[in-house]
């Protein structure tokens, strides 16, 4: 049986997070993510038996949901404001795990905002087509999401460490705004492409 690209990307994403969390000692974040997955799987098994559950793949397709919610522990423990106006850093946390947490949060915030805006207009205009596209990107074919998050991490690292020669776990308000813009562009581009596929596919 051939392994789909999204399933492979899913396995890589989960493995990267588990490895990074272990290396950084982020066990609260890690176990909270696991507990959220178990909770969603258990509830899903009751609501949709045979489709959702611990032994089914469907709940595993949204690791970014569990990881972002559980990252609350990371931000509570490490996110600190610096004396300079509009600057923050993740105290006693490595660059990679910090970039992972921040990029995941930005992607999720933008996704939630877009979903809310579409929901407020539903079912007028093209919203009946936009909503499934957002769902597909988030939960059904998440490889694009993972790639977008990885790109934001890469840009943040290059800007902070390679260009500014500063630790990558320092974040400015302008950097955060740029991350939000990138997340918005990535997600709207995906939706636009799906709409084109519907129109011309």
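Even glycines carry a Cβ here, placed using N, Cα and C.
Just so you know, TrEMBL annotations are computer predictions that nobody has curated.
It should be emphasised that the depicted structure is a prediction, and the values quoted were computed from it without experimental measurement.
Copied over from TrEMBL:
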- 7-24: transmembrane segment (TRANSMEM)
- 60-76: transmembrane segment (TRANSMEM)
- 96-122: transmembrane segment (TRANSMEM)
- 143-163: transmembrane segment (TRANSMEM)
- 175-192: transmembrane segment (TRANSMEM)
* Structure fact -> With the greatest number of Cβ pairs under 8 Å to the transmembrane segment (60-76), the stretch among 7-24, 96-122, 143-163 is 96-122
* **Long-range environment of the transmembrane segment (7-24) - Cβ separation under 8 angstroms, sequence gap at least 6** => 30, 33, 57, 60-61, 63-64, 67, 93-94, 96-97, 100, 142-143, 146-147
* Structure fact -> Long-range Cβ contacts under 8 Å made by the transmembrane segment (143-163), restricted to residues 6 or more beyond its ends, are 5-6, 9-10, 12-13, 64, 95-96, 99-100, 102-104, 106-107, 137, 170-171, 175, 178-179, 182-183, 186-187, 190
